[in-house]
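A.B. asks: I'd like to ask you about the structure that follows.
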Amino acid sequence: MNEGQVVQVIGPVVDVEFASDRLPDLYNAITIKTDKINITMEAMQHLGNNTVRCVALSSTDGLQRGMKAVDTGQPITVPVGRATLGRLFNVLGEPIDNQGPVETTERLPIHRPAPSFEEQQPSTEVLETGIKVVDLLAPYAKGGKIGLFGGAGVGKTVLIMELIRNIAYEHGGFSVFSGVGERTREGNDLYLEMKESGVLEKTALVFGQMNEPPGARLRVGLTGLTMAEYFRDAEGQDVLLFIDNIFRFVQAGSEVSALLGRMPSAVGYQPTLATEMGALQERITSTKKGSITSVQAIYVPADDLTDPAPATTFAHLDATTVLSRQIAELGIYPAVDPLDSTSRILDPRVLGEEHYQVARGVQQVLQRYKELQDIIAILGMDELSEEDKLIVARARKIQRFLSQPFHVAEAFTGQPGVYVPLKETIRGFKEILEGRHDNLPEQAFYMVGTIDEAVKKGQELM
């Protein structure tokens, strides 16, 4: 057993002295255990004089100089496999849901290399989500990374839960949710809502919330990722990985960097910002065995998209889903902005000509409606040309048809949720663009699944 001695404690940073020939490797887990204390730390720097600087992953209250610290000889390992589904973990992979120990012998280290060039599968397959606005206008690629933007109360959590539900029930896939530095109350709400809506048993949850020391918030993303990698590599699954919030990962890195005495770079962020982000993001990919598709909520500090944290994240994204308060105010949910959301695979070579043309057609009509709104506000609808009146009518139908009832919101809306297959989505919008449903009232298109439901609802209304 390789034992050292604590020589200095400054907040979450602890210096430990070892024998000269037995220095622990970087990233090794180092534990300090007494009757009252049980702390795991990670070796971060070799300082010289046989001293290792460590970052603690839990509170360092009660630590004293001279205490014994033990090098475990390996990085932090976390439980993986099906036993993790339906459970709630902390950064060390310890269950925190009072449901007893996890029934698994499989454990993996949280620091692992990204899949090599040969193992990667550059697939440009669409991941069908069953959510019309996403599948049509900003489709997700299997193994892609999606940024989810939205302020408070526009429906990020509900959208995340619906995605988890659809992947679980329609594709039989699993999800991993990593709560990084967000509010504990929100994590608790999510856990209880998932329990109620029945998606919990298909999901592993890992939390390192705002009250945790920066070391825990920096590593909790890797803990969730390691669990997701096991489902991809050992079980050949298409896994969904949610990270909420990727900005807090950067923020924790910046705190740790300052504590370790590194010179800050732009806007006070860590000099290793791009490296840390890359080490996490490069492990999220498609391999020949399976894929990890990741949806990352992105907080934009002071709405400044040029801030180094969001700017570094953008370099890794394949698609963005932007939730808009204006759309939520119209009562259209999911409140995805059809003109602001983007996708790298919105390309006829990937999606096929029909899907691409319909998507672009929908965007053109909505864009024209946006331009005409000022004229309508000042002069009224009557001043528009016949052609523009038709565009406005179709745009309003499209806008309403982009809404749909969610399974996970059934308890609140009283409406059964719908999963809309991609072909049905394309057919529906194509028919609206062609003017086949110009005679139906726009209310018929609100909160329905397929176009057939809209027609039926329209006939009942007329």
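Glycine residues also receive a Cβ, built from the backbone N, Cα and C atoms like all the rest.
Copying in the features that Swiss-Prot gives for the protein in this structure:
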type: BINDING; residues: G150, G151, A152, G153, V154, G155, K156, T157; note: ATP binding site
A.B. asks: So how many other Cβ atoms are close to G153 (ATP binding site), meaning within 10 Å of its Cβ?
C.D. replies: 11
A.B. asks: Within 8 Å of the centroid of the Cβ atoms of G150, G151, A152, G153, V154, G155, K156, T157, which other residues of that chain place their own Cβ, given that this set defines the recorded ATP site?
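C.D. replies: In sequence order, the nearby non-listed residues are L323, A328, A335.
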A.B. asks: Let me know the most crowded of the binding-site residues, choosing from G150, G151, G155 and counting other Cβ atoms within 10 Å.
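C.D. replies: Of G150, G151, G155, the one with the most crowded Cβ is G150.
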A.B. asks: Tell me, by DSSP, whether G153 (ATP binding site) is helix, strand or coil?
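C.D. replies: G153 (ATP binding site) sits in coil per DSSP, no helix or strand.
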A.B. asks: Which Cβ among the binding-site residues (A152, V154) has the fewest C-beta neighbours inside 10 Å?
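C.D. replies: Result for the binding-site residues A152, V154: minimum number of other Cβ atoms within 10 Å at A152.
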A.B. asks: Would you count the other CB atoms within 10 A of the CB of T157 (ATP binding site), including those on all shown protein chains?
C.D. replies: 18
A.B. asks: Tally every other Cβ atom lying within 10 Å of the Cβ atom of K156 (ATP binding site).
C.D. replies: 22
